[in-house]
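One structure is given below, encoded as C-alpha cells.
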Amino acid sequence: MAPKQRNAAAPSSTAAAGPSPAATATPSSPSSPAAVPKSAIAKTTHAGSIQSWDKIVNNVLTHYLDTTPQRTKLLDAFMAFLVAVGALQFLYCILAGNYPFNAFLSGFSATVGQFVLTASLRIQTTEANKGDFPSVSPERAFADYVVCSLILHFFCVNFIN
Amino acid sequence: MSADPLQGLASVGKGQSTRSLLRVIILALIAGAAISSRLFSVIRFESIIHEFDPWFNFRATKYLVANGFYNFWDWFDDRTWHPLGRVTGGTLYPGLMVTSGVIYHALRALTIPVDIRNICVLLAPGFSGLTAWAAYLLTNEMTPSSSAGLLAALFMGIAPGYISRSVAGSYDNEAIAIFLLVFTFYLWIKALKQGSMLWGALCALFYGYMVASWGGYAFITCLLPLHAFVLICMGRYGTRLYVAYTTWYALGTLASMQIPFVGFLPVKTSEHMPALGIFGFLQLLAFLDYVRSAIPSRQFQTFLWLFAGGTFGLGLLGLVIATSAGFIAPWSGRFYSLWDTGYAKIHIPIIASVSEHQPTAWPAFFFDLNMLIWLFPVGVYLCFQQLADEHVFIVVYALFGSYFAGVMVRLMLTLTPVVCVAAAMAVSALLDTYLSAKSPEPQEAQAAESSEGKKATKSGLRSTSKPVVGVYGLWGKSMMVSALAVYLLVFVLHCTWVTSNAYSSPSVVLASRMPDGSQHIIDDYREAYQWLRQNTHEDAKIMSWWDYGYQIGGMADRPTLVDNNTWNNTHIATVGKAMSSREEVSYPIMRQHEVDYVLVVFGGLLGYSGDDINKFLWMVRIAEGIWPDEVSERAFFTPRGEYRVDGEATETMKNSLMYKMSYYNYNNLFPPGQAVDRMRGARLPEVGPTLNTLEEAFTSENWIIRIYKVKDLDNLGRDHASAAAFDRGHKKKKVTKKRGPRVLRVD
C-alpha cells in the first residue's frame, strides 16, 4: 500500500508546481520516484493548503478509479444522481417555498433514504468490508436492499398526500 | 418459580432439542405466570376498564369497531371539549385501538364471538406475556448463558414496576408500548450486531408501531442516537453501525411521520434533533472512513481539519438560522420538566397537577423492583467487564433510564426492562458459577497456574489472571445457591403482594372491609354515571374537573367541557375559574358554555382522598395562570397559611362554587352542629352553604358523586339570589337592601 500511496502523491505535486493543476494528469503518470523529495519541499511553500487540497482530491480520485469494481461504480453513479435530485428538491424548497410540506418531505426523504440504503448496499458488497458482515452475503444484501426500498417507498407514497 | 428448578432441568436435558423444548415450555409457563398475576382485579371485582385514560381508549376502540378504520382516522368528536370539539383521530396514538380492533376482527373471522370489552380488559396481560418473551430475546443477545434470558423473562413478567401499568383492565397505551419498546431494542441490537439492513428495517417498523402507540417513543428516539454517539466516541465506529443506524433512522422517521398526531414533529422539534444530528454525523464519518482508506495519513489529517472545520461551521450556521427563523420549535414544557423538576410547578401547573408527573420517592424504587434494584448495578458491572457494543447499550440505557425514572414516577416503566435484563445477567452469572458441581483437579489447577504464571508477571492483577481461584466446596456452593433461591422466592412473594394490594384496584369501583372482614364494594361512580345516562337528555353538557371527563364520556355517554386530553389549557382554566369563583361569576360562565349539569366528587362522608376539594388548589392555580386578577390562590388560605374547610375557612373559599357544591345539604346528615368532614377531619359550621344558581339533582349512595342541575333564567327576570331568597320565604325587604344606591338616570 505504501509505495502506491507515494506514487499517487507524486504526480499531483508536479502538477501543482505547474500553472494549471489539472486532474487529467493523475491516471497517466504513476511512476516518478524522483518527485518524492520534491513533494516535501512543495509542502513547505506557502499556499500549501490549496496545493495539498488538490493533491488529496487527486489521490482520492486515483484510488477510487483504481480500486472500485464496475458494479460498485454503477451504485456510485446512482448515489450521485440521488444527491443531485435531493439537492434540486432542497433548492426548490428554499426558492419556491415548502408549501406542500408533505410532498417535499416525502420526496426529499425518499432520496435521502434511498441514498442511505444504496450506501449500505455498497458497504456490504465491498470486498474489503467482508469481515464486518459474516452473516450477510452479497445476494442477501441485495435482497435486503430490495425489501427496505419497498418499505421506504410505501411510506413515501403514503405520506405524499 | 425460582431459577433453581429451571437450572436443574436444563442440566438434566443434555440434548439440544430437549433443551430448546424445555426453553419453550419454560417461556410458556412464564407467560402464563405473567398473565395470571395480572388478573387479580378481574377476579376480585369484575371485567371492567380501570381508571381514567383507559375509558377514553375503550370508547375510541368501540368507535373504531363500530365505524371502521377510515371513519376512526377522520374522527371529529363533538361530544368532548364542548363547544370546541376535538379532532380525535388526529390527536391520539391509534396503535392500541387498532391492535384490539384487529384482534377483535380476527377472532370474529375465526367465529369466536367475543365482546370488545373483554379484549380491551385482557389486552395488557396478554401483551405482558409477549414482553417477557422480548426480554428473553434481548437478554440472549447480551450473554451466551441461556438461563439469563429465562430469568429476565421471569423478572419482566412479574416485576411490579411493569405490572403497575398492565393489570387486566388497565387498557392504556403502555399496555402494548412496553412490549414494543423492548422488542425494538432487541431488533436494534440484532441489527447492530449483524449490520443487516433487514433487521434495521424491522427495527424501524416496530419503532413505527411504537410511535403509533405511545408518546414515550421519544425515549427510543433519544436512546438509540445516544448509543450510537457513545459508540462513536469510544472509537467504535464501524460499517455495521452505519448500516444499522441509517436504515433505522431513514425508515423509522418516515414511519413515525405517518401518524397524524406526530406529523412533522420529527423534523421540527428539538427532541428529535439528536437522531437527525447523529444521522448526518454518520454520513460524514462514513465518507471520512472511505477517504482515510484512500490516502496516506498525513494528507488525511489536513483533509480532516479542513473538512471537519468547514462542516462544523456550516452546521452551526444552519442551526442558528433555523432556530432564529423558527423552523425548529423550542423545547416543550414537558421536556424542561425532565431536567428541572421544579420547572413544571412554576410554569405549567397542568403538567405538575398530574400525580404521575411528580418526582419519584426513593422507596418507590424498592417497592416496584424489590431485589432487582440491588442486582441491577451488578448486572451493569458485568456489562462493563465484557463491553461489546450491545453491553454499551445496556450501560447507556441504565444511566438514561435511572435518571428519568428519578424525575418522573411514570418513567419507572421505561427503567424496568433494563433493570430486569441487568439483574437477570447478575443472577445467572452467580448461578452459573455456583451451580456447576464439578471442581478442577488439583494437578489441572497447578498446570493451569504454572502456565498462567508467566503471563501473570506481566499483567498487573494476579487474581484476574488466575482462573482457578474460587469456591469449590459443595457446602459453600449450596449455601450460596440456597440463599439466592430464598431471595428469588421472596421476590415472587413481594411481587404478588404488591400486585394484589397496590396495583389491582380499578379505582372506578372501590373496595372496603366491613367490620366482620367481608368485602364491601363502593360503586358510587357507576351509580352516578348510570343516573346521568338514564335521566338526562342525550346532549346535556356536563361540567366537571378534567379528571372525570373521559369517564363521563365513556360510562355516561354525555358531552363534557374538558377531559383528560388537556389539549387546551385555557378551556381547563375556564372550568377552574367557574369552580373557584362566586356563584355570580360562575353562572354566566356556565351559561355561556351551555352547561346543564355540574358534577363534583366529594369524599367527606367516606374519607375518600381523591376528591375535588383536595384537587381544588390545582383548579385555582390553573385558573390563576390565565386570570391572575380574578382568581388568587392566596385568598383560599387562611391568614396563617392553612387550607381549611371548616368554620375558619376564608370567605373566598366559602363562597366558591366548589365548596358550596361539596358541602351543600351535608349538615342535614348529622345532628345540628355536628357535621364532620371525615376526609379532612374538620368540623363544619352549623349552617351549610346556600346555592342559588344550581339545584341538587343527584347524590350517590356514599355521597362520593354529587350532580347539580344549572337553573334556567328566572321566569320573572329576577336574579337567582333574589328568586332563591323568595322561594325560601324571606321578605322582600332583604331584596331592597341588596339593591344598593338608587340610580337616577340610566343612559
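Cβ coordinates come from backbone N, Cα and C, glycine included.
The compositional bias 'Basic residues' annotation in TrEMBL covers B:729-747.
Annotation source TrEMBL lists domain 'Oligosaccharyl transferase STT3 N-terminal' at B:22-422.
Averaged across the domain 'STT3/PglB/AglB core' (B:541-591), pLDDT in this predicted model comes to 88. Under the heading domain 'STT3/PglB/AglB core', TrEMBL lists B:541-591.
Positions annotated as region 'Disordered' by TrEMBL: B:725-747.
Taken from TrEMBL, the feature transmembrane segment covers B:21-43 (among others).
For B:91-107 (among others), the entry in TrEMBL reads transmembrane segment.
The transmembrane segment annotation in TrEMBL covers B:119-139 (among others).
Under the heading transmembrane segment, TrEMBL lists B:145-163 (among others). Within the chain carrying the transmembrane segment (B:145-163), a Cβ under 8 angstroms from the stretch's Cβ atoms is held by residues 1, 3, 6-7, 10, 19, 23, 26-27, 30-31, 33-34, 37-38, 128-129, 131-139, 178, 182, 367-370, 372, 412-413, 415-417, 419-421, 423-425, 427-429, 431-432, 492, 494-496, 498-499, 502-503, all 6 or more beyond its ends.
Annotation comment: TrEMBL describes B:175-191 (among others) as transmembrane segment.
According to TrEMBL, the transmembrane segment annotation covers B:197-230 (among others). Long-range contacts of the transmembrane segment (B:197-230) within the same chain: residues 93-96, 98-99, 173-174, 176-177, 180-181, 183-185, 187-188, 190-191, 241, 243-252, 255-256, 258-259, 262, 266, 271-272, 274-275, 277-279, 281-282, 392-393, 396-397, 400, 404, 411, 413-414, each at least 6 residues beyond the stretch ends and with a Cβ under 8 Å from a Cβ of the stretch.
Here the transmembrane segment (B:242-267) has long-range neighbours at 73, 89-94, 188, 191-192, 195-197, 199-201, 203-205, 207-208, 211-212, 217, 221, 224-225, 228, 275-276, 278-279, 282-283, 285-286, meaning same-chain residues at least 6 beyond its ends whose C-beta is under 8 angstroms from one of its own. Under the heading transmembrane segment, TrEMBL lists B:242-267 (among others).
The annotation transmembrane segment is assigned in TrEMBL to B:273-291 (among others).
Positions annotated as transmembrane segment by TrEMBL: B:303-329 (among others).
Residues or ranges marked as transmembrane segment in TrEMBL: B:364-384 (among others).
For the transmembrane segment (B:391-409), the list of distant contacts is 142, 185, 188-189, 192, 219, 222-223, 226-227, 230-231, 234, 236, 337-339, 341, 355-360, 364-365, 376, 379-380, 383-384, 415, 418-419, 421-422: same-chain residues at least six beyond its ends, Cβ to Cβ under 8 Å. Annotated transmembrane segment per TrEMBL: B:391-409 (among others), in sequence order.
Away from its own ends, the transmembrane segment (B:119-139) comes close to residues 27, 30-32, 34-35, 38-39, 42, 47-49, 54, 57-58, 61, 96, 99-100, 103-104, 107, 148-157, 162-163, 165-172, 175-176, 178-179, 182-183, 185-186, 189, 417, 420-421, 424-425 of its chain (Cβ-Cβ under 8 Å, at least six residues beyond either end).
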